[in-house]
Amino acid sequence: MNMQEDKSIIEVSHVSKFFGDKTALDDVTLNVKKGEFVTILGPSGCGKTTLLRLIAGFQTASEGEIRISGKEITQTPPHKRPVNTVFQKYALFPHLNVYDNIAFGLKLKKTPKQTIGKKVKAALKMVGMTDYEYRDVDSLSGGQQQRVAIARAIVNEPEVLLLDEPLAALDLKMRKDMQMELKEMHKSLGITFVYVTHDQEEALTLSDTIVVMSEGKIQQIGTPIDIYNEPINSFVADFIGESNILNGTMIHDKLVRFCGTEFECVDEGFGENTPVDVVIRPEDLYIFPVSEMAQLTGVVQTSIFKGVHYEMTVLCGGYEFLVQDYHHFEVGAEVGLLVKPFDIHIMKKERVCNTFEGKLQDATHVEFLGCTFECASVEGLESGTDVKVEVDFDKVILQDNEEDGTLTGEVKFILYKGDHYHLTVWSDWDENVFVDTNDVWDDGDRVGITIPPDAIRVIKITD
């Protein structure tokens with residue numbers, strides 16, 4: 001039985017971690033309740049493993065505080081923390097058999113031999129390895145070795161079990177089987193699991209609570225259902241499952257416009273004529289032969305059988321929708337689409353344009369992003385004045401040849417918005433530049449960045 005309590009067993013308060021001039025974690029605060037199965041989810045490089053290693057004690061926070069069971073342990077070494085860690089690479093001792101691998105920690109604690117025997121057998125039973133205690137670990141499959149690693153961790157009866165992508169090296173079927181076993185194990189043990197993964201489906205399957213991370217920050221914390229159905233921003237919507245994410249305008253409460261059409265929705269409190277992001281899951285779109293019911297009409301561009309459903313792309317007046325349905329429509333078929341009000345999810349836009357801090361050089365030049373840009377003539381401000389600089393997303397120009405740009409950067413995040421791509425480009429000045437483009441770029445592409453003079457708005461900073 002999972003004995004969940006309101007009391008937090010892990011408290012991470014305003015924790016940051018720096019490696020030189022790079023920020024791995026940026027002011028992270030997280031509370032984990034006793035008995036919870038919490039998954040820290042995010043792409044490679046988001047900071048999830050760094051956070052786990054800080055909780056485990058393998059690294060030390062640059063700023064902030066970590067408590068376990070109310071005790072401050074930020075500087076406490078790993079062996080003195082009430083946690084055990086299971087890694088992707090099982091880290092078993094090849095010269096020891098299964099029994100001795102599991103018993104190793106107990107022997108270090110000078111636990112009585114009879115007690116060790118009972119605990120090892122109980123741990124082996126928990127992971128379904130009762131008949132394997134005297135086998136060499138090299139003779140075991142990957143899944144069996146991972147079970148031994150988990151048994152070695154739980155035999156010490158930690159208050160918290162930390163799992164760093166423990167199933168990543170397993171094949172798909174074995175991974176699915178182990179997911180179910182981990183979930184049952186968590187229920188039986190009743191201890192707190194903190195699990196790190198980049199696999200969205202794994203997180204949705206296993207977790208009581210999901211913590212979504214990106215660029216060293218927590219983006220959203222919630223139940224799997226909340227995270228999936230009510231993503232807080234476009235990153236979460238795109239990263240968790242598949243989504244149609246579109247630019248829209250909230251006309252007023254419960255009425256939104258996107259794709260040139262007005263739709264009823266259930267969202268309120270966004271104000272009138274407010275730019276928003278609209279999220280519709282592919283399975284929430286109804287597709288059928290064109291009829292009066294259709295809110296949008298379009299043509300099927302692709303259709304792929306996925307085993308349980310068909311996945312189709314439908315082009316509606318220049319906007320591309322991803323649709324999942326049990327019914328098959330041939331490529332080229334004219335179809336209607338319909339979405340119900342409660343299946344339209346509205347998100348406040350994180351930003352409506354690029355905003356930078358700058359300094360006016362003279363009437364036609366402004367410095368920002370570490371470079372001097374030509375701009376339209378600025379009246380009424382003296383040279384050297386600190387200013388705010390705004391640039392619309394679609395006015396930023398990216399070049400294949402880095403040397404052609406005023407500055408350079410790397411494409412870090414790509415979001416398809418139905419009729420264009422919204423890119424996050426990490427500039428070499430260590431600031432994000434956001435770009436709307438019809439050109440196809442890949443994550444990791446090095447690019448030149450150019451901003452035309454007439455695209456730069458220089459605004460006086462007011463107190």
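Backbone N, Cα and C define each Cβ position, glycine as well.
Within the model, the domain 'ABC transporter' (10-240) shows a mean pLDDT value of 90, rounded to a whole number. What Swiss-Prot records for 10-240 is domain 'ABC transporter', and it gives sequence analysis as the kind of evidence.
Per Swiss-Prot, ATP binding site is recorded for GLY42, PRO43, SER44, GLY45, CYS46, GLY47, LYS48, THR49. For GLY47 (ATP binding site), the same-chain residues 6+ apart in sequence whose C-beta sits under 8 angstroms from its C-beta are LYS17, ALA24, LEU25, ASP26, VAL28, MET213, GLU215, GLY216, LYS217.
Taking the centre of the Cβ atoms of GLY42, PRO43, SER44, GLY45, CYS46, GLY47, LYS48, THR49 as the ATP site, the nearby residues of that chain (Cβ within 8 Å, site residues left out) are HIS198, MET213, SER214. Of the binding-site residues GLY42, PRO43, GLY45, GLY42 has the largest number of other Cβ atoms within 10 Å of its own Cβ. A coil conformation is recorded for GLY47 (ATP binding site) in the three-state DSSP classification, outside any helix or strand. Taking all protein chains in view, 23 other C-beta atoms sit within 10 angstroms of the C-beta of CYS46 (ATP binding site).
In the three-state DSSP assignment, the secondary structure recorded for GLY42 (ATP binding site) is coil.
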